[in-house]
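J.: Take this structure first; my questions come after.
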Amino acid sequence: MLSRQFVREHPETVRDAIERKGVTGVDLDEILDIDEEWRELKAEGDGLRQERNEVSSKIGELKQDGKDEEAQEAIDRSQELKDELQDIEERADELESQLEEALLELPNIPHESVPTGEGEADNVERYREGFDDLRDLPDEVVPHYDLGEDLDLLDFERGAKVSGGGYQFVKGEGARLEHALIQFMLDVHREQEYVDVLPPIPVNSDSMEGTGQLPKFAEDAYRVGARQDDDYDSDDLWLLPTAEVPVTNMYRGEILLDDDLPVKHQAFSPNFRREAGEHGTETRGYVRVHQFHKVELVNFVRPENSYDRLESLLDEAAEVLDRLELPYRVLDMCTGDMGFTQAKKYDIEVWAPGDDMEDGPDRGGRWLEVSSVSNFEDFQARRAGLRYRPERHESADYLHTLNGSGLAVPRVLVAIMEYYQNDDGTITVPEPLRPYMGGQEVIEGSEKIGESAVGAGEKE
């Protein structure tokens, strides 16, 4: 959330952010008008309050002097002022409520280093890693969704039967590989001095508002026990779309001490999102689904340290791919593709060679986003009331929040299935994951179960 004072004093900066981020449905002039009327009413109320205090202070003296008629006039005037003041305060409270709601619709201001652009085509590639020494791949890499079904690692048909489209079963060695990835990621980040958190899965509306998911993106989240389009209040529950929500809000409304900072938490969780994208090859399989696992990295830092921390956070997230020797690139996200809440954002995209896409690298395959690494500055902190006290005797100030996936598990799994694929249709287990799989080096798959497998010629 932007402060009222900032919006009031820098309207053109805010207007520019609205335009550059492509935010629609926001009337900044109306917000400024509400703020101006609110300030005028507050000033008028202060004047009436002062006049009433002066009138009231004379009543006792007038009575003592026997000036009963003048005393009654003062009493009547005091009551008139009280009634006027009540009307003004009620209107001011109404405007303040409107203003608070309107401020939630304003996007964060992009950092000066953010490239200007309208969409993903305008993002700037910062660097690539892992392409100088690629492993030998099969002449034709089988896409993960076909290979996963062939080896009985992924079952989309039964997932749809149980829960609907966009859900899946991860089975056998596929499930073991996913568990291995999760534990490996957590261990990597523990080495980076992250403290583990196991968060609650349902989160309330105040928490969703604190990190910026509400009110802007309510349609993308799963709501518990209510219709999606019903009005919500602070007690309503949502299935978390990312562990960023509960972990950031863990300290909501609190004041941290200067020597607490930086705070670095990591949280593994399932994540739930209604929006599953368009149908087709780009979203087929385990790439864009309604439920997926992720390790989230959340940082709370002093404002002056947040951009140095952003670069370190980027390195911490990317280290998972470095150790797995998976090729990837880092993008500096442009204003039109960076998001509503971010001041600056990097995306880490892993290379998956199984499907050739127009926006993929020259050698074929495609890019899969596995992490967005973001600095929110004090945008989330203002919404959630996250402050720190620089010195014990000083006033509290808003801290800065950052987060990034460390990483999104399904897409890393997809990249492993395609990049570590062998000519015989097996998958080599990356060396760092073998200790988590009992030393297993190769995934060969399992025999399928059921009469349908016999009919399909997949089982004798």
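For all residues, glycine too, the Cβ spot is worked out from N, Cα and C.
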J.: Using only what Swiss-Prot says about L-serine binding by THR242, ALA243, GLU244, GLU296, identify which of SER163, SER395, SER405 is listed for that site too.
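T.: That L-serine site, as Swiss-Prot gives it, pairs THR242, ALA243, GLU244, GLU296 with SER405.
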J.: Given that Swiss-Prot lists ARG273, ARG274, GLU275, GLU369, VAL370, SER371, SER372 as binding ATP, which residue among VAL289, VAL298 does it place in the same site?
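T.: ATP site check in Swiss-Prot: besides ARG273, ARG274, GLU275, GLU369, VAL370, SER371, SER372, the record includes VAL289 out of VAL289, VAL298.
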J.: In Å, rounded, how far does the Cα of ARG273 (ATP binding site) sit from the Cα of THR242 (L-serine binding site)?
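T.: So the alpha carbons of ARG273 (ATP binding site) and THR242 (L-serine binding site) sit roughly 9 Å from each other.
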J.: If you skip the near sequence neighbours and keep only those at least six away, which residues in the chain come within under 8 angstroms of THR242 (L-serine binding site), Cβ to Cβ?
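T.: Same-chain residues close to THR242 (L-serine binding site) (Cβ under 8 Å, separated by 6 or more) are SER269, ASN271, LYS294, GLU296, SER405.
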J.: For a three-state summary based on DSSP, what are the helix, strand and coil counts in the compositional bias 'Basic and acidic residues' (43-66)?
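T.: Taking each residue of the compositional bias 'Basic and acidic residues' (43-66) in turn, the totals are 22 helix, 0 strand, 2 coil.
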J.: Please compare the binding-site residues ALA243, VAL289, VAL370 by how many other CB atoms fall within 10 Å of each one's CB, and tell me which has the fewest.
T.: VAL289
J.: According to DSSP, folded down to helix, strand and coil, what is SER371 (ATP binding site)?
T.: strand
J.: Taking the Cβ of SER372 (ATP binding site) as centre, how many other Cβ atoms lie within 10 Å?
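T.: I count 21 other Cβ atoms within 10 Å of it.
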J.: For ARG274 (ATP binding site), just count the other CB atoms lying within 10 A of its CB, please.
T.: 16
J.: Can you give the largest Cα to Cα distance in Å, as a whole number, for the residues THR242, ALA243, GLU244, GLU296, SER405 that bind L-serine in the record?
T.: 9
